[in-house]
Amino acid sequence: MSAVTPAGGDTTADRSWPALLNGLLDGRDLSADDTAWALDVIMRGEATDVQIAGFAVGLRFKGETVEEISGLVRTMYEHANVIEVPGKTVDIVGTGGDGAKTVNISTMSAIVLAGTGAKVVKHGNRAASSASGASDVLEKLGVNLELTPQRVAEVAEEAGITFCFAVKFHPALRHVATARGQLGIRTVFNFLGPLTNPARVKAQAVGVAHARMAPIVAGVFAERGHSSLVFRGDDGLDELTTTSTSRVWVVRDGRVTEETFDPRDVGIELVPVEALRGADASYNADVARRLLAGEKGPVRDAVLLNSAAALEALEPGEGALAERLRAGMDRAAEAIDSGAARRVLERWVAVSHA
């Protein structure tokens, strides 16, 4: 049995797996120090798969809290290969899990964002709910992802955009792989990636497919002092969707404000989700190339909208949310139509192989 004395020397409350798991099953919330301890044991390879699975399922059974996830985020960073990227940076990512198999909206949006002049540090992995993951598509577009952390940071300066491949920056997560794979269900580990960008990005647009978790994710960003837009489509997509309305949690100055957003308020007509459907990485990469070449249609609308969400997180404005997003969409459209976004990708490919 693993046990630890909490900070402050409280020897009457030694932490152990039975104590934590019983607490979860009794419906008691854990402290940030509790969850930080548990994940530290896990990431040092000192927990069994049964303990890991019990912890993950117990948290979901009870319902994760902002404080519990904040403790996990703290430990994730302690075990991560973090990098320093000077200046204001932004990330755009989805948690996955919506099962819609759409094209890679956040990946295309990241490139367009960089085309507007924003410095983008994207954190991602293999496929979760898209037909292919960010890394799969970027490889098909020619971006070299086999870079050292130091080189990843340098690429951000040279190209205005870079990609942190989660498995390379959070290697200690290998210890949860077996338990996660055998469980086959959503757990808190599905949400930690978007919360732990290795560059410690302070602005992000994050899509969350799970309704209960979206405001929790927003709360974690607020607790950490970030400027963020967290959203969930009322169709279940982990995007600012164009097939229905969305719920948006605007995080600013440590506070969270919830709003409803209708894409028709920015001139986008609703489309069926099939209009955003993707396929394998080669297909999705071709969609990205056509977008950057100026192709109009539902995919472009979705990319402009999500790019605007990230711009709003990076440079928060005043006034109605729809007005702020409309202004961001205009900037994103100019980045595409001027060729700036396409040139960003070309530069990214070149410097990633230098």
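Cβ atoms are placed via backbone N, Cα and C, with glycine included.
These features come from Swiss-Prot:
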- G94, N125: anthranilate 1 binding site (BINDING)
- G94, 97-98, T102, 104-107, 122-130, A134: 5-phospho-alpha-D-ribose 1-diphosphate binding site (BINDING)
- S106, E239: Mg(2+) 1 binding site (BINDING)
- R180: anthranilate 2 binding site (BINDING)
- D238, E239: Mg(2+) 2 binding site (BINDING)
**Prompt:** Cα-Cα separation of D238 (Mg(2+) 2 binding site) and G94 (anthranilate 1 binding site), in Å?
**Reply:** 6
**Request:** Starting from each candidate's C-beta and looking 10 angstroms out, tell me which of the binding-site residues H123, R126, R180 has the most other C-beta atoms.
**Result:** H123
**Fill in**
Out of the binding-site residues T102, S106, N125, the residue with the smallest number of other Cβ atoms within 10 Å is N125
**Request:** Would you identify the secondary structure of T102 (5-phospho-alpha-D-ribose 1-diphosphate binding site) according to DSSP, in three states?
**Result:** strand
**Asked** What Cα-Cα separation, expressed in whole Å, is found between S106 (5-phospho-alpha-D-ribose 1-diphosphate binding site) and E239 (Mg(2+) 1 binding site)?
**Response** 8
**E239 (Mg(2+) 1 binding site): tally of other CB atoms within 10 A of its CB** = 31
**Asked** Measuring Cα to Cα, how many angstrom lie between E239 (Mg(2+) 1 binding site) and R126 (5-phospho-alpha-D-ribose 1-diphosphate binding site)?
**Response** 17
**Prompt:** Which of the three DSSP-derived classes (helix, strand, coil) applies to the residue listed as 'anthranilate 2 binding site'?
**Reply:** helix
**Request:** Would you mind checking how many other C-beta atoms are within 10 angstroms of the C-beta on G94 (anthranilate 1 binding site)?
**Result:** 29
